[in-house]
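Enquirer: Mind looking over this structure? Questions follow.
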């Protein structure tokens, strides 16, 4: 066919500005075509010299068939709609980043001229660079009906003609596409909603539905720069996902379009969470953005479907043979993963000696871990064997707690503490961290008390395992790791905390090696380790709030000395600060040294120190450990880490010195209250951490260093120290076990027994007043369950009460107790506190039966108290008046926090909880009134349903922030790698 008689072509080169760096090569490719286009139209955003001079340097715009025009638009379709096509038979659409080879137009046109039914011809696309060994990008488009593309070409795959057998395809990309002008006019051009992604697929589908063929010509080549993807392809994912959703809605059956749109909208959040888990943070936000864009594309989808229906000559089933299935996508991805794995294995295949060395190291590491876990489990059994049969442990720093996961979650969300007469304090953040574990145990009726007991039992094996892993950051020797891991679990402060049930100190000791392990990795640039470090510091701060300041200090150091990772290090204290935010709403200095659980003071820690100094075995073992850490200063290897260890030792002694100087709680004693000072146990654990780091760092490579030197003092001292540390570990463990077995366990089944009548009262959320008489006075405690429960001892409440006087509710209760003991009160003063049972527990060791008998005698004379019986739980009476927690003439049904019921007014609704502005009745419709210390509302005349709840918006915002911060750190810390090869 002679060139004079061939069909005419208008070549259109569209530059959007972002692809300006490719513009010159593309214009040069157009000007050097073997078969020249009849007209060339160059569309640029503006006629600025940057565009004009570049265009004139490659094309002669003096010629009548070469045109330079300014055309602006959001996408390719909008730009093309403004251009004059000069009456040509074909339109050759070129992006500024799609440079054609010399014979491309000739080959495309010959293919198009072969049949009048050919509506669109597309070239094979290869990467812009590397023309000698071109990288294949696209040979037509294979996609499902929902516009999901089949990833059939692997990243970096070379063009070897493997797909050159293709002819008819579902669609081709718009870059380099040759479109028959009559088809373009019939279909109305590209969809104005799409671009730069998805426009080729949508147009080709319409052409197919109009009865035309879409053909790929593999012999025609263009180099495609893909400028629309930008430097980071993730940045364009939201637009690509939106284009895919739009195309899917166009192709969906009309009856299912609303359902599909709703599905894409609701599916955005699960897809976003999945992206987060895979470390694809940018794509996670893009999934949300693309999902929300469904709401804005409704009108565009309607117009697009009308446009498709107007031009369609065949049904959607005509496209089925060319459409891919979900199975095709799964198969392609599976093959890509397999190929990537094979390439990685071949690239990383080490030499045989290295493989053998790695296998030996792994085998020895497993052996060391097995020995460590076996020894820790044996030590756990030896420590707790006498209390295993006690069930839920109580005593020391522990108390029983029957709170279930849903109840604890409700307390966390509400911000109200169900203790005594109620308090506007959130429960301790440690319980929020343990809530997922409690939820897992909920089907098996697990309570918070049982979970706390399980934490104590699991603490020693967990601490040993974590210490073994952390030691691996400082030494590769399995012997060193095993010995130092055992050294960590025989630490006197840790064993003392386990013995006395100091849950906060136990969690700190278990978590410190995790923090060391994670911070070492984070310092070396690991984002996953930084996420783990932020979680570990959050747990430490929840156990002892002073670690919140430590987290901030570490973040500042990382920000200053790791300039390439500053944004990461700023995240370090976020989980810790969010976890402490609720407690810091009512700040007190003693809060820094407080711990979750029953405040124990410093008596046990002082007793442990005295015992260590008095016991020759323990003193010798402790001196050996400290002496080894001193000798570690002589090593030049890792000397800065060893000196950091001694800095940590100094910080630990500072903590242990300051903690007993501040009151962290107050304790109810006969005749009044007694301040409880902070425990130095955590400080001593920090001291032990410093010594542990010094010894572990010094032990690394010690044998190799000794072999390199001539025999002398180095070998003698080094050999002795290598022998001393394991002996000291055995001495500390043996000494602690001897002491424990000589004395009665502090922990045990010490939860107070309660009568069956009290259990019924608890179900109605009424309370028990437990009275204990001694020679120094009378003590009265309000129980909402079997004694004061573990979650009722909050750090914020304790630290604030330690520095403040009793409030009106405490004063009213104290007055009622005094008058009750004198027989000079009635049941109304008890009903105000929702007390339905008065209990005198059995006399404990050290309490006088005589005073107890006198108290019982007086209680028999109190009007409104009905004696029930005396049993194992003690002697108890029932309050005969109305004792409902919420009442308005009649009792309202009550929950842990909320209450509701039908009330006939006018009446005063009284809630036996401390008055607080967070209490709302009927969503704030009822006005609160003063009723002493209790919360009350005025109900007007008429019958109404009253609903009472505690609403604290700030608490809920902070709780949501805690959850999000913990989830973000957890997702970052999860051992998942970002998918290689990009995202379709």
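Note: Cβ is positioned from N, Cα and C throughout, glycine not excepted.
Nobody curates TrEMBL annotations by hand; they come from automatic prediction.
I grabbed these lines from TrEMBL:
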TRANSMEM  245-269  transmembrane segment
TRANSMEM  368-388  transmembrane segment
TRANSMEM  448-469  transmembrane segment
TRANSMEM  475-491  transmembrane segment
TRANSMEM  503-523  transmembrane segment
TRANSMEM  535-557  transmembrane segment
TRANSMEM  613-634  transmembrane segment
TRANSMEM  641-662  transmembrane segment
TRANSMEM  682-702  transmembrane segment
TRANSMEM  714-741  transmembrane segment
Enquirer: Cβ under 8 Å, sequence separation of at least 6 from the ends of the transmembrane segment (535-557): give me the contacting residues as numbers and ranges.
Expert: 428-430, 432-433, 503-505, 507-508, 511-512, 514-515, 518-519, 569-573, 575-580, 583-584, 591-596, 655, 682, 795, 965-966, 969-970, 973
Enquirer: Sequence-remote contacts (6 or more beyond its ends) of the transmembrane segment (475-491), Cβ cut-off under 8 Å?
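Expert: Same-chain contacts beyond the flanks: 361, 364-365, 367-368, 371-372, 375-376, 379, 460, 463-465, 467-468, 509, 513, 625, 684-685, 688, 692, 695-697, 699-701, 725-726, 728-729, 732-733, 736.
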Enquirer: Given pairs 6 or more apart, does the transmembrane segment (368-388) have at least three Cβ pairs under 8 Å with the transmembrane segment (448-469)?
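Expert: These two segments touch.
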Enquirer: Restricting to CB pairs under 8 Å, which listed stretch, 245-269, 448-469, 613-634, 682-702, 714-741, is in contact most with the transmembrane segment (503-523)?
Expert: 448-469
Enquirer: Please report, as numbers and ranges, the same-chain residues at least 6 past the borders of the transmembrane segment (245-269) whose CB is under 8 Å from any CB of it.
Expert: 145-148, 193-194, 198, 201-202, 205, 287-288, 290-295, 297-298, 300-301, 304-305, 308, 316
